[in-house]
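Asks: This is the structure I have questions about; it appears just below.
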Ligand code: HEM
């Protein structure tokens, strides 16, 4: 190959990398904490007031809001697609990880109604979910962070995509790492964001296999669970009671780092929690989170911003829905 040609090609490659980086920077720059300052200056205060109202009525709903944001962002990015209804039951909310367990949908509709009354057609449902998750976290004692805004709402919601994109409670470490890497999140993000299990509840369904059918053999139990904790789970989750609900840490009404202390005592509820102890690097982050609560809280907040940036729609992509459960053309 002629030397001149290879130099030209290298220049072109460098230019392509530069353009790609510039493109990424421009995309990220489109989200801004002051996005609604002119178009709806009262938006953030209105969302916070509604969230405080919901939490006063039911502290537990904070967990529902946080999980809703996670499930929105991991499927097609943070585009409000988790909120869309479908006539033939093929939307994200109809998928196994969401059906019967996702919470907070009617409250998001209420927030949207307040914002539509104040500033019609301005604040996206994707931004509402993101703000509600932050405000709910703060309301129950968790960390605060500034939320970059300006997400637009997607037009598509697919049950199959939700099933393929959301991690499973029986996933092992490698599966979780690959899942998070797929949306640009690190192992540290995986560990601290799993700390979201410091609040909220689970149904018994995701733990029955660990309690009664671990090796596919009737009545076999996951030997890694602390026996006393396993006995208490058995009492709360009899084999035929998949719909009973349990707490995921010992202080589930408060956003704190106790989840990690519980995890280190082999009292994590899911395989996906317990498996974070199986790798030296993730174990170090679990230890740091348990020993230094501020480490967890600060890194959780930073990871929430990164999660909230996953594949966002900006500019003229998508739309700002008038009603969060359907696209504007319906
Ligand atoms: C690492 C992979 C994860 C898996 C496999 C997982 C799985 C689950 C499952 C099975 C439940 C119980 C749902 C039910 O039966 O009602 C749950 C609840 C919850 N998850 Fe996760 N989760 C993961 C990561 C996360 C992340 C990243 C967050 C947020 C940052 C989060 C926040 C929550 C919250 C707050 C709840 C309680 C929901 C409620 O109270 O309604 N989880 N998770």
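Cβ atoms are placed via backbone N, Cα and C, with glycine included.
Not measured: the values here are computed from a predicted model.
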Asks: Using only what TrEMBL says about Ca(2+) 1 binding by 72, 75, 77, 79, 81, identify which of 53, 92 is listed for that site too.
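Replies: So the Ca(2+) 1 site in TrEMBL includes 72, 75, 77, 79, 81 plus, from the candidates 53, 92, 92.
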Asks: Taking TrEMBL at its word that 249, 251, 256 bind Ca(2+) 2, choose the one of 194, 198, 215, 292 listed for that site.
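Replies: TrEMBL lists 249, 251, 256 binding Ca(2+) 2, and from 194, 198, 215, 292 it also lists 198.
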Asks: List which of the recorded positions 40, 125, 198, 237, 251, 324 have their Cα within 10 Å of the Cα of residue 73 (disulfide bond), in sequence order.
Replies: none
Asks: Of all the disulfide-bonded residues given, 73, 119, 125, 324, which has the fewest Cβ neighbours within 10 Å once its own Cβ is left out?
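Replies: Relative to the other disulfide-bonded residues in 73, 119, 125, 324, 119 has the fewest Cβ atoms within 10 Å.
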Asks: Quick test of your reading of the structure: among the recorded positions 67, 73, 125, 167, 204, 249, whose CB sits under 6 A from ligand 1?
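Replies: Once distances to ligand 1 are taken from each Cβ, 67, 167 fall under 6 Å.
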Asks: Compile a sequence-ordered list of residues in the same chain as residue 237 (disulfide bond), six or more apart from it, whose Cβ lies below 8 A from its Cβ; state 'none' when nothing qualifies.
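Replies: Those within reach of residue 237 (disulfide bond), by Cβ under 8 Å and sequence separation of 6 or more, are 204, 207, 208, 211, 244, 246.
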